[in-house]
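What TrEMBL annotates here:
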type	residues	note
DOMAIN	43-420	domain 'Amino acid transporter transmembrane'
TRANSMEM	73-94	transmembrane segment
TRANSMEM	122-141	transmembrane segment
TRANSMEM	166-183	transmembrane segment
TRANSMEM	190-209	transmembrane segment
TRANSMEM	229-250	transmembrane segment
TRANSMEM	262-285	transmembrane segment
TRANSMEM	305-324	transmembrane segment
TRANSMEM	345-365	transmembrane segment
TRANSMEM	371-392	transmembrane segment
TRANSMEM	404-423	transmembrane segment
Amino acid sequence: MEAKKQDDYSLTIPLLVNNGDVGTKVKEEQYINNTTTGTTTGTASFVSTCFNCLNGLSGVGILSVPYALASGGWLSLLLLPLIAISTFYTGLLIQRCMDSDPTITNYSELGGRAFGKTGKTLVSITMNIELYLVATGFLILEGDNLSNLFPDIDFDIFGVHIDPKSGFIVFVAIIILPTNWLNNMSVLSYISASGVAASVIILGSIFWGGAFDGIGFQEKGNLVKWNGIPSAISLYAFCYCAHPVFPTLYTSMKNQRQFSKVLFLCFAFCTATYSLMAVIGYLMFGSNVESEITLNLPTNNISSKVAIFTTLVTPIAKYALMVTPIVNTIEARFQSSYSKRIRSFIIRTILMISTVVVALSLPFFGYLMALVGALLSATVSVTIPCLCYLKISGIYRRIGVEMTIVVFVGLIGVIVAIVGIGMNSKGFFFIEIQDSQILGWKAIIGLVNLLNVDDD
């Protein structure tokens, strides 16, 4: 009977149960028991997990896909589903690794199970740096956009004058802080739902502007622009880098066997919205599309105002979800006599304060984030899951179809990282900085322009 159960679940169990250097019989029985009964310690429903996953995948990246398409031409759009399939596959690899060992509860433990203490440390550092940079970038983005919308607003705190950008960073941090205290993924899903709704509203508003507000869809564009393909690859890949959040979502589910369905629905939805936005934006503005499509919109149209103001909601909705894996890592490492709720409250508050300080203190942080983020995003979301799966499953010992696929996908991650590093390091070292206030997401996407600029 035991053997029959294992055969029935051969898609997941071979990772550890049928592997030679697997763990104990107790873990095998625990896994089989969990998968057959669906019993877990999670509380999040299928729908709430979908909202959290969508919030992790969709976001500010939707503003840049028209520019990515303009950089590489129409044929570059074929790269978007290719990258989506690759990152979806690595998401499944993460799930399979966690299916195989119930003791894996977060992303860093995935590295530990595969490569021991050293692997856990390296994966943890890489993951946390990426998420920390992304969270800090949200604050910079909000400060940048709000200061551009309201340049005449000044802040005076206890008699100290603060410039608009810095003031808005602090203001947004105060708004985000209560959401950051939430550690229940079911409750957090309501905030995530607002982020998902924001992406849909942005897409609808921009389409409305093209169809009914006089902008039109008259641009033809270019079939292919080979010198812009690296730009397109880097920007498309950035849209699917939410894998460090997946283990947290997986462990929070009531029925973890449905997680693969969550991934499929979320990746399909995001790929559809990204593709629609890319095509609509490129048809509207052609090669003149800006790094953020909202910068092309005429500000006198209501649809444009809706799109611009809705853009501000996305980082607020995503911040708490992005820092949750960091909080979990810190909580696991530093135990204290305080209750878990108080400990989480303190860690989350300190984490928020630190990201505010970094956003305020480093005037050129956006450029550094672009350079580091290009490497870390592809590494964390593509390369590391492939390496961990190869080691945990043991398929690296024998050459076969599955091993070939995993290695191929892992190499895609390496190529994307190299392309991103080359692109962003060129911008980091050669860009002429004329305004120290150009930070955040605009800096990340703005660096892509350098690929199409002569070195003269």
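From the backbone N, Cα and C atoms, a Cβ is placed for every residue, glycine too.
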Problem - Interface-richest range of 122-141, 166-183, 262-285, 305-324 toward the transmembrane segment (371-392), CB pairs under 8 Å - result: 122-141
Exercise for the section: Please work out which recorded stretch in 73-94, 166-183, 190-209, 262-285, 404-423 has the most C-beta pairs separated by under 8 angstroms from the transmembrane segment (305-324)? Expected result: 190-209
Practice task
Quickly jot the same-chain residues contacting the transmembrane segment (73-94) by Cβ under 8 Å, restricted to those at least six beyond its ends, or write none.
Solution key: 65, 107, 110, 221-225, 228-229, 232-233, 236-237, 239-241, 243, 246-247, 250, 260, 263-264, 267, 270-271, 274-275, 278-279, 282, 381-382, 385-386, 388-389, 405-406, 409, 412-413, 416
Practice task
Flag the pair the transmembrane segment (229-250) / the transmembrane segment (404-423) as in contact if three or more Cβ pairs fall under 8 Å (sequence separation 6 or more).
Solution key: yes
Handout entry: Distal contacts, the transmembrane segment (166-183) - CB-CB under 8 A, six or more residues away
Key = 139-140, 142-143, 146-147, 150, 153-155, 191, 315-317, 319-320, 323-324, 327, 341, 344-345, 348-349, 351-352, 355-356, 359-360
